[in-house]
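Visitor: One structure coming up, written as structure tokens, with questions to follow.
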Amino acid sequence: MSDVRVTVQRGQQAEERVVRTGTTAAELFDGERSVIAARVGGLQRDLSHPLAAGDVVEPITVDSPDGRAIVRHSCAHVVAQAVQDLFPKARLGIGPPIQDGFYYDFDVERPFTPEDLKAVEKRAQEIIKAGQRFARRVVSEDEARAELADEPYKIELIGLKSSAGDDAEAGVEVGEGELTIYDNLDPKSGELCWKDLCRGPHVPTTRHIPAFAVQRSAAAYWRGSERNPQLQRIYGTAWESRDALKAYQHRLAEAEKRDHRRLGAELDLFSFPTEIGPGLAVFHPKGGAIRTVMEDYSRRRHIEAGYEFVNTPHITKSDLYEISGHLDWFADGMYPPMQLDGGADYYLKPMNCPMHILIFRSRGRSYRELPLRLFEFGTVYRYEKSGVVHGLTRVRGLTQDDAHLFCAREQLPTELDTVLKFVLGLLRDYGLEDFYLELSTRPPGKAIGSDKEWEEATELLREAASKQDLELVMDEGGGAFYGPKISVQARDAIGRTWQLSTIQVDFQLPQRFDMTYQAADGTRQRPFMIHRALFGTIERFFAILLEHYAGALPPWLAPVQVVGIPITDEHVPYLTDVAAKLRQRGIRVEVDSSDDRMQKKIRTAQKQKVPFMLLAGDEDVAKGAVSFRFRDGTQRNGVPVDEAVAEILDAVERRIQV
């Protein structure tokens, strides 16, 4: 056997190694227990992958993002094997890793019960303990069809691969290039225990799955279409250690306490009446108060930053979205057309941008007007499948704080930098502080425009992002059909990441709508367009803030900022006068004049997460004072009314948390 040279890459450090021909990645990293797979030539591979001369090999450790995804994918196989051991008639769907976990879909005779899930977890634990070996086999299409003849969904995926090539569902299982099956083999006898169509890679053995849990089950349509059979989906999670699993479960429990859907009901903020339909929220008075404050503050900041407010209708003729390309690229996300005016198709608008373009085009424009920044709280409608809608974070009727900026080419770098700074500053005003940026590039096969235009737009966004002193993460292929985008990712109080603002450079729509302005030299030039949604949507940002603060919004955002609590009914008029003073200064205040005892009134206000409580009894009335009680239970007695009012106003004006 001859020797070959390979390079081991660890971050910025590279080490050249001489190894025997046929050496595997496992042998290269022998003794490094945390290494569960490798990246060879930029592609993820099993540790059993043989190395060739010139290969650049990077270890993938179990505690890295890629490592966790591989562990979770392998655990999905183990859970699927457990299901088929317990329910032999179960047919397999797909089982990909997802954020913080994995799922696997099954066609079974009945939904899984909690007892079933316990049994599945127990059997999966036995499989992991057995140390079954993951072994990759390359097969032909005919061989795959023969081996998986009893798995109709796998057969369908094989067909999708051969006919479509890049089908998303097929890609989860079969990927690109050759077809592969992974066998789970008995570590002693080598006997086949189970197999699945899969592109891999996987951990070497089931013992390389350090910690996992089966979480829940739910119904899911095959390939996400309501026209297809309904399957049963088992969700699970897997981590690099038991401690990491416990920490995740703690975060999950904390997230459940903060669930905006539960808080929305408890705090009487919003609801989703079945009479209206899934994904369509109704905001109650208290929720409406929060939205009003959010929008009013945003409106004020936008005016200060040179934005001009516009309003556009909720429906439009199809012509508009034919020109924009939405009907070609976004039709699945739109509601069906309404036929009006003698057969013309009208659509509920899914996006505001084409209408803002029409405002720009409504008259001749000069370079002196640029940059032109148009802004709207525009409600749009998107047909999200009923199984996908989720509280306020995924809805069908949504209000975007939507801006479209039109500028000259030479203004783009400055405008992008200004927009990003404005976005981050405004998000910080709402109490979010921990950010990173994500740059999404051209989506393969789903984009309009030339390579040069995309490269130029992407580079402009990259330059703007680099000036913000924040981490920049690449999202290859994640851009919109008309241009690349930067998204602001924010981490909340319990460390979860939320995508918030998006900023997109668009070369395409100005061309499609033949937009022009008169340049300084008298020629007609094409403006450049920036799409920008700061909150993303009002509804989603509302939910994020509610969960970030666990319902205890800072005083300036709280729907009720102050509650007056009289010790007896005799003190109601006094507190009513105090409330009037606060109300005159714009404070949202209530007086609890119910028949409840004082202690219950305090508990009620605390449950409603009211920032300030003003208590009054005989002594307070005599002194013109109140007892000033805070949300955390601390209390100052004998505070003069004017001092209490001033302190409340100060907290609201400075937007501080209490």
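Each Cβ is built from the backbone N, Cα and C atoms, and glycine gets one as well.
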Visitor: Would you identify which residue of HIS250, HIS260, HIS531 Swiss-Prot lists as part of the Zn(2+) site it also attributes to CYS353, HIS404?
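Guide: For the Zn(2+) site that includes CYS353, HIS404, Swiss-Prot also lists HIS531.
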Visitor: Neighbourhood of the Zn(2+) site (CYS353, HIS404, HIS531): other residues with Cβ within 8 Å of the Cβ centroid, in order?
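Guide: My list of surrounding residues reads MET351, ASN352, HIS356, ILE357, ASP402, ALA403, GLN504, ASP506, LEU509, MET529, ILE530, ARG532.
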Visitor: Within a 10 Å radius of its Cβ, which of these binding-site residues (HIS404, HIS531) has the fewest neighbouring Cβ atoms?
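Guide: Lowest Cβ count within 10 Å among the binding-site residues (HIS404, HIS531) is HIS531.
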Visitor: Per DSSP, how many helix, strand and coil residues does the domain 'TGS' (1-61) have?
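Guide: Helix/strand/coil tally for the domain 'TGS' (1-61): 4 helix, 33 strand, 24 coil.
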Visitor: DSSP on CYS353 (Zn(2+) binding site), three-state: which is it?
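Guide: The three-state answer is helix.
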